[in-house]
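K.L.:
Supplied in structure tokens, the structure appears directly below.
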């Protein structure tokens, strides 16, 4: 028969789940954040405050997941009989993780707000975004200090909780917990719904709308997690021995919520990179099928040969489709790869002029501006 001691307990199984989920979302979010920095910082030269805030968000998320993984590892491979100091140390880490979660959500909401304020132009949409994020930031900041110091110094959390020196849960902490959870969920759903109005009123091709909605719709999954998380709020107020068993579920949902949110927010900025890769792939397939030299484009309308551009696009010598000026290869399709907006034939644009802020025109309508801003940022 198998040794009963070799069978993992329920607490150990939850620790394995917490360790695996934390590692997966930490790695996934890290990849998307790095790609976002590359696209916004190097490809389109439009690195903004939303990108800086997202980098801070990921750093806080990395700290949160690292602490969670350390707790999970200590549960899987316990050093021995847990004494009071060990329990107090774990409880201190739990308080720190809870504080980091709150701080991460606040910075994350600020990053999303700056991101969407670059997209929406309707007054009511901007007011909803600014109002909801301001309210959440103010409440979240206050709740951060209450959560950390609810039992005095976090280092003495276990002793103070046993001595009854913490704030009462039913009358103070429980209402604040639910208020924070509701505000968090409402703000998440605002960011999930606002893009629907923008895309619906935008004059975009159906394929473009599907692409944008799919990317931004990933944030809905994080919004669902913020609602599910409300079901675990009461575990913070149970007895100490039950808290250590129930807390992993609360932590797992929180990690999934933040991990999905960060990943979706970063994927929403990678459209220029995807367009560049797809254009390269299409060019490679066309070249392999035709067997032509990669430096010679298709035959122009006048029978002349074309010249390959920056991304496999071409300029015909007999028609004013583009030209080479002072060593800068200019192709009209290259502009569309990065901004996806139509440009006049023969228009000369250098790469550093492809920034969304430099390509806007003050004479476009609000609907057109929303559409183009959405395609620039996404």
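Indices start at 1 and increase along the chain as displayed.
For all residues, glycine too, the Cβ spot is worked out from N, Cα and C.
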K.L.:
If I go by TrEMBL, the feature transmembrane segment sits on one of 157-177, 178-198. Which?
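P.N.:
TrEMBL lists transmembrane segment for residues 178-198.
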K.L.:
With the ranges 20-39, 280-299 to choose from, which does TrEMBL describe as transmembrane segment?
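P.N.:
The range carrying the transmembrane segment annotation in TrEMBL is 20-39.
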K.L.:
To which of the residue ranges 51-71, 303-323 does TrEMBL assign the term transmembrane segment?
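P.N.:
Of 51-71, 303-323, TrEMBL gives transmembrane segment for 51-71.
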